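Structure record follows, encoded as structure tokens.
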Amino acid sequence: QLTPSSFLRIGQLSNVDLNEDIHELETEVPRQRPNEIPHNEKLLSLKYESLDYDNSENQLFLEEERRINHAAFRTVEIKRWVICAMIGILTGLVACFIDIVVENLAGLKYRVVKDNIDKFTAKGGLSFSLLLWATLNASVVMVGSLIVAFIEPVAAGSGIPQIKCYLNGVKIPHVVRLKTLVIKVCGVILSVVGGLAVGKEGPMIHSGSVIAAGISQGRSTSLKRDFKIFEYFRRDTEKRDFVSAGAAAGVSAAFGAPVGGVLFSLEEGASFWNQFLTWRIFFASMISTFTLNSVLSVYHGNAWDLSSPGLINFGRFDSEKMGYTIQEIPIFIFMGVVGGILGALFNALNYWLTMFRIRYIHRPCLQVVEAMLVAAVTATVGFVMIYCSRDCQPIQGSSVAYPLQLFCADGEYNSMATAFFNTPEKSVVNLFHDPPGSYNPMTLGMFTLMYFFLACWTYGLTVSAGVFIPSLLIGAAWGRLFGISLSYLTKGSIWADPGKYALMGAAAQLGGIVRMTLSLTVIMMEATGNVTYGFPIMLVLMTAKIVGDYFVEGLYDMHIQLQSVPFLHWEAPVTSHSLTAREVMSTPVTCLRRIERVGTVVDILSDTSSNHNGFPVVESNPDSTQVAGLRGLILRSQLIVLLKHKVFVERANLSLVQRRLKLKDFRDAYPRFPPIQSIHVSQDERECMIDLSEFMNPSPYTVPQEASLPRVFKLFRALGLRHLVVVDNRNEVVGMVTRKDLARYRLGKEGLEELSLAQT
């Protein structure tokens, strides 16, 4: 194992709270960047903080709650519903914006390239068309990658791993900022228009979450504006609940699947769940899909026809034409196995690629170059495949958006071009619904192979992009191929409709890559608008998950692990009963006395080696030698507000303090509490005393030191805690359990393994 000190302190990392917009405080390390960053996946990073999901029930909080009468509680509840409606409406509008812009820009690009190809097919010199296509792609992707790499790196990828971490209780810097939303939306438009093998569905989930966090706080730090509304919701508890509603609204706008959205945020996200929250989340999802539907219907010119509930529309699957029989169930299960194996292969390849990227491609300029390279290669591969394909289909009765003739006879089009020369969403729908015989098996086989590697190479680039649609496309292609071969084997019997197998293949491939079960089944059912397929889809997804989990983890969990995030799963590792709280906890604990010297507090907070965020408060009796019993818990953020407002005992006695601190003072400082370095405390003030009684949480959760790890874990995970104090039988503090202490233990190949902690 590498020790944390052997890790290079890269660039200018410092122990300043990473959310702060402070640059002058960063430790001046000479800016030589290593060519290789040593990265070890058996590490947990210490740079991630937890969210305070648990309310601090100090005297101020209790007084405020007692002041609020029944009517005021009702207005708070009404405000919650209003916020959920606003989340739904705005998420729907953002989805419309992305959809309309992508449609127009991509349409423009494909028309230009198509005219060019048609012109040069007649007189020779098709290499110009290839150059045009590749240059267009690379330049669009360059812009999309530049804004992500240089302005907001958190906006890279689909954003689902980051939102999973946020809902799990990990504070990822900048993840729910307005700036991130703007970059995300622009980035995803540019990367889809740039012809990369990506979808615009995954980023919708991140966008919904940012919208939710922004609205519920009623202010924006990126805009430096405070709208003075919804001040009651300025704490992690409320914010995290709204973010789970935003994630659900994003799913439902992307797939037109409101129930799927609710189940997604249940399955992937929220650790703390209640009935009211479920109902509000469902409300937000419904509003979001309805908004998208109405706006797009008006845009397409038929205002009364609400036919586009989501960004991707699989089209209707009719049960009459495409029913399934009982003897097909084993075939579906077999497809699930294939999907699981292919998904595991995809994840394993992407794992090695991501490790390589973390080690060598860590400079923004290199990341932009790589994205441009992938864009150009994607265009080239597509062009060569279309050029070499001799699969011609009659143009009558087919619904191809941009038919390319190339070397086909008049009145025919190249069917490889329907797959490559189109946005991925359209290609998926074509594979589902084109009549039997529209594709040559050779075409489908080559397309699957190429697109598999392209999609794998694209995921993890520094662009905003989702992996949902490419996975569906790969699966639909091999599923259709599977269906065609079945109908060859069975001499074209009626039940082997290739469209149905394309749907099952798509489900199997997506399930094999992301390993979601419950929410994905419902999303696929809602997107196809057909309940009869629920059972086979569920079987396919379960099989794909079981088979895939045998080899590697799901894609999102893998990326969370590669980022070294202290992520807590649903349960403690199975074999961990032998460990007790005494072995897990961090010691020694920095305790504060109930009435403490200001100097001591400042020194403890300024100490960068122990960057603690919660301090147990003990009874202050200076005469006796033993450590006194636990009285409460106080957070770093609360102490900083106290020092900033100079709430000292002496000043109160001299009546220098204008008013008592209210909860509002703590809320106004949230979420970016100033760092201790920016607070000036004079030498005389260091000698003052500070009374923590009314600000500390007098009833923190504690466990005895004999408690087993699963028990500690259950308490910690279910209540969304940040600090859990370990006490002995005399109620004296012996240790503290935080997220990192629990996330360290993981089931590896040889049983229980313990990860080491690193600063970077």
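Cβ atoms here come from the backbone N, Cα and C positions, even for glycine.
Predicted, not measured: the structure shown is a model, and the values here were computed from it.
Taken from TrEMBL, the feature transmembrane segment covers 81-102, 130-151, 181-199, 242-265, 277-299, 329-353, 442-461, 467-489, 501-525, 531-552. According to TrEMBL, the domain 'CBS' annotation covers 696-754.
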Problem set entry | Whole-number mean of pLDDT values that fall within the domain 'CBS' (696-754) | 88
For this session: Establish whether the number of Cβ pairs under 8 Å between the transmembrane segment (531-552) and the transmembrane segment (467-489) reaches at least three, counting only pairs separated by 6 or more residues.
Result: no
For this session: Answer yes if the transmembrane segment (242-265) and the transmembrane segment (501-525) have at least three CB pairs under 8 Å among residue pairs 6 or more apart in sequence, and no otherwise.
Result: yes
Exercise. Hey, which bits of the same chain come close to the transmembrane segment (81-102), Cβ under 8 Å, at least six residues off its ends?
Worked result: 181, 185, 188-189, 192-193, 200, 204, 207-208, 211-212, 215-216, 230, 233, 242, 245-246, 249-250, 253-254, 280-281, 283-292, 295-296, 299, 311, 423
Problem set entry | Positions whose Cβ lies under 8 angstroms from the transmembrane segment (467-489), at least six residues beyond its ends | 158, 197-202, 254, 312, 331, 335, 338-339, 342-343, 346, 419, 424-425, 427-428, 431-432, 436, 439, 441, 444-445, 447-448, 451-452, 454-455, 458-459, 496-510, 513-514, 555
For this session: Tell me the residue counts in helix, strand and coil for the domain 'CBS' (696-754), as DSSP assigns them.
Result: 16 helix, 24 strand, 19 coil
Exercise. Other than its close neighbours in sequence, what residues sit by the transmembrane segment (181-199), given a CB gap under 8 Å and a spacing of at least six beyond its ends?
Worked result: 94, 97-98, 101-102, 105-106, 109, 133, 136-138, 140-141, 143-145, 147-148, 151-152, 155, 159, 206-207, 210-211, 214, 312, 374-375, 378-379, 382, 423-425, 451, 454-455, 458-459, 461, 463-470, 472-473
Exercise. So which residues does the transmembrane segment (277-299) touch in its own chain, when a touch means Cβ under 8 Å and the partner is 6 or more beyond its ends?
Worked result: 80-81, 84-85, 87-89, 91-93, 95-96, 99-100, 208, 212, 241, 244-246, 248-253, 256-259, 261-262, 265-266, 270, 305-311
